[in-house]
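Undergrad: I have a structure here, written as structure tokens, and I will follow up with some questions on it.
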Amino acid sequence: MTIVQSAVYEPLTEQKATALAVRLGLFRDGAPLLCREIGDGNLNLVFHIVDQATKQGVIIKQALPYAKVVGESWPLTLKRAVIESNALRTFASYVPQYVPKVYYSDESLAITVMEDLSRLQIARKGLIEGKTYPLLSRHIGEFIAKTAFYTSDFGMNQQEKKKLAQNFVNPELCKITEDLVFTDPFFDHDTNNFEDELRPDVEALWQDDRLHLETAKLKRKFLTEADVLLHGDLHTGSIFASDDETKVIDPEFAFYGPIGFDLGQFFANLLLNALSRSEAERQPLFVHIDSTWRVFTSIFAELWQTESVETYAATPGLLDEVLRQAFIDTVGFAGCEVIRRTIGLAHVADLDGIEQKVERLAAKRHALRLGRRLIVERAELAGTDGFRRLFVETER
Ligand code: SR1
Ligand code: MG
């Protein structure tokens, strides 16, 4: 592929993105190209460029120097584009079937040019429409098991791991998670955003010493435990899916962290979807939680037993202890994510899209009760059935 000369950063327009795609030689000469900016996330521009004759397309994703969801008053590093393309390439070396192909990246323009996945649908949108994506949990369980194992001190040369981790030092994006997931929703902070009717429920959380202590322990893990390379923002809006395919996108929050974090975020977003459904339609979400955990543990354990580079891997009891602790952390991280998506800065359409106010407020109160118990009772869940049990017990 033709390489463009490094340019000075400027946000692309649809015209400039098209011209860039042509300069990169991504389309044949004279192809009738149509470009649309389709970014609907919180942070970036996303250009979808399609050859109208062949219907072949590409995606050009560009980081903006600020958080789009807030505006230019919240500056944000462009380095996240490099982190994202490095993470996609690293994940592709273990699970190419679950990430988009990266064709090109340019640090100065903060762009990643990648495979067009428009044949698939963002999983959050599909789940809100009532789809169930039968293979979602099998694929995500395998994605997390393989990327976690192969980037850990048990799955790769331990000196190489330390060098790889240097590429994923991501202080600005980690700070967003430290604030928005682990801190602000638990205090009276101006980033929080919730309906007035929820104030008594929210103030009860702000005054809950037990919740503060347990959330602080989880935040400390996030801050200090550089165990495996994580996606860092694995909610259902970061996943493209169909009935037979799954692709994980948007790893700009990637960093070395605790193994349960991606699992916790994924489970929380399944629970948030369950909260938006009638009782009769919730079952597939709980099946996904069970199946993700089962697939994750079985692949992770198999790799640990057959490919580990660490002498102590064969020590009786160690793998069980790693998985036991990973489960407890997963539950707690899920609780933090459920709470922050309900009353923090960045909400989810699953809950905000419930049209009837009475039902929406009931679902959000349920979310707050569920999130709290996931955090404080995380060590007592004893298996993924515990998610279902707590969901039912916190219904009213
Ligand atoms: C200011 S960024 C808000 C949220 O959007 C991202 O997708 C992350 O989830 C972040 O917490
Ligand atoms: Mg994102």
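We count from 1, first residue shown onward.
Cβ coordinates are placed from backbone N, Cα and C, and glycine is handled just like the others.
TrEMBL does not curate its annotations; it predicts them automatically.
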Undergrad: From the candidates N44, N269, give the one listed by TrEMBL for the same ATP site as K61, E115, D116, L117, D250, P251, E252.
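TA: Answer, per TrEMBL (ATP site with K61, E115, D116, L117, D250, P251, E252), from N44, N269: N44.
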Undergrad: Could you measure between E115 (ATP binding site) and R340 (substrate binding site) for me? Cα positions, answer in whole angstrom.
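TA: Rounded to the nearest whole number, the Cα-Cα distance is 31 Å.
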Undergrad: By a 10 A CB contact count over all chains shown, which of the binding-site residues listed here is most packed: D250, E252?
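TA: Within the set of binding-site residues, the most crowded position is E252.
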Undergrad: Please state how far apart, in Å and to a whole number, the two most distant Cα atoms are among N44, K61, E115, D116, L117, D250, P251, E252, the recorded ATP-binding residues.
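TA: That value is 18 Å for the farthest Cα pair.
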Undergrad: So if I measure Cβ to Cβ from K61 (ATP binding site) and keep only same-chain residues at least 6 apart in sequence, which ones fall under 8 Å?
TA: G39, N44, L45, V46, F47, A81, E84, I111, T112, V113, M114
